[in-house]
Every structure is written in structure tokens, then in C-alpha cells.
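Asks: What TrEMBL records for this protein is below:
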type	residues	note
TRANSMEM	6-31	transmembrane segment
TRANSMEM	43-68	transmembrane segment
TRANSMEM	74-102	transmembrane segment
TRANSMEM	131-152	transmembrane segment
TRANSMEM	167-189	transmembrane segment
TRANSMEM	201-222	transmembrane segment
Amino acid sequence: MAGSDLALRVTVSAVLGAAVVYFATVLFPAIHNVSLSEGFDHILSNVWATCALIDYVTGLSFTLPYFWLRSPNAIVGTIVVVVCFGMGNVVSVALFVGFILFSGSSIREAILPLNHPLTAAPNTKTWGVTIFQWVISIIGLIYWVFLIYSVVKQPVSAGWTFITADTWSYVTFVDVLTGVSMVATYILVRELRSDNIIAPLLWFVALALLGNGVTVIYLLYISAGPMAGRSLDEVFLWGGEPGERVPLVKTK
């Protein structure tokens, strides 16, 4: 492992780890002090808090398939998916940090472990991708419609005041931000090159401003564009052939 890659891994892990730690300091006191049912009622009483909840659910379109596909077998995958769904990004981002620190020979390989030549691995199991695209399209549509509704219904400032004053609404908001930090890392590692800098940064900015509705758009983009006709494993986990696996290095 090169020193520069190790430094990059540690830096990225530290940033993501800080997000996880902060989320934990918000989540566990909330679990102790306010019942989930009461918190859920509070969230549904405000459009922006509800929008944050929908944002979290939309983010699962990345989280659940990614960690299922990274799991060694169906039993482990089921356990991981259930825990990630139930506990949120305090678990999923911690697992993501574990991949970054302890797997692969580079940060790219740690996040995107598949590197076989696509031409040597024809795949006809695209029905799974088709179903996935339909499901996340519906989820994404719900997100964008409700986001627009929230903008029309209530000023953002009023929604922010409610979220910061309500325990579980704020937990949900922090959960979303923690998950967005993971997806942003994934996109930057996957897309960033010395000859491809602007597009990944635009994805990053859009994700930071608009949340997981952008995650859905990105997943539809890679599954219907660069990875069209490939399996769901390749859509999520293929990081390029060996000569393409180091970010910010020209490959031509």
C-alpha cells in the first residue's frame, strides 16, 4: 500500500468516522429519552421533517444493495441489511469505513472490489437491474414530488427550526447527512480522474444540496449508462480494470 493511498484512506475514514461518532451522540440519547412512536408522530407533523425521513428511505436505494452485494453470503447479507435498515447510517457508514481501512490494495479497490475486464465477463442477468431501476425510480419520484411540495408548503427556515428543536427529526436529519457523506465518497472515488474532475464535483455539490434524490439519479445513470447490460454486482462494485483503479491518474 502506497503512503499516499494510506494517507487518503486515513483522511477519508477520519471524516466519515467523525460523522458516525456525532450521529451516535445524537441517536443513542434519543433512543433513551424519547420513544420511537412519539418521535415518528412528531416527524409526520412537519413537512420538512417528513421530507428528511423520505430522504433517509431514498438513501436506502444505495445502502441496502451495496452492503448486500458486499456480504459473503445470504445469511450475513440479510443480517447486515436488517441492521443497517433498523439502526441507520451509524452502522452502514461504520461498515463502509471498515472496508476503506481494511480491504483492498487501494481506496478504490476497497470500495469497488471488482476489476475483471467487462468484455471477458458477458452477463445476461440484467432482469435484476431492471427491477432495481423501476423500484428506485418510484422511490425517487416520491422524493422529488414531496421535496417540491415541502418547498411550496413551508419555508425552509421554518422547517429547520422545527427539525433542530425536535429530537427524532434532528436524528433523522443527521442520519441523512451521514449517509450522504458515504454516497458522496463512493461517487468521488468512482468518478474522479485527472481528466474527469468537474463532473464528480458537480455530483458532489448536487448531492450535498438536494440529498438522496440525487443518489437515485446517479444510480440510474450508472446502471443505464456506463454499466448498461451488466449485473447488479457490476453496477455497484466494478471499479475498472487494474490500470484504471487509481483515482486522479490518467489511463490513456
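Cβ atoms are placed via backbone N, Cα and C, with glycine included.
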Asks: What stretch, picked from 6-31, 74-102, 131-152, 167-189, 201-222, has the most CB pairs under 8 A with the transmembrane segment (43-68)?
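Replies: Stretch with the highest Cβ contact count: 167-189.
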Asks: Report yes or no: does the transmembrane segment (74-102) come within contact of the transmembrane segment (167-189), defined as 3 or more CB pairs under 8 Å with a sequence separation of 6 or more?
Replies: yes
Asks: For the transmembrane segment (131-152), give me same-chain residues lying six or more residues beyond its boundaries with a C-beta closer than 8 angstroms to one of its C-beta atoms, as numbers and ranges.
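Replies: Same-chain contacts beyond the flanks: 47-48, 50-51, 54-55, 57-58, 61, 65, 159, 210-213, 216-217, 219-220, 223-224, 232, 235.
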Asks: Which sequence-distant residues neighbour the transmembrane segment (6-31)? Criterion: at least 6 residues beyond either end, Cβ under 8 Å.
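Replies: Hits for the transmembrane segment (6-31): 39, 87-90, 93-94, 96-97, 100-101, 107, 110, 167-168, 170-171, 174-175, 177-178, 181-182, 185.
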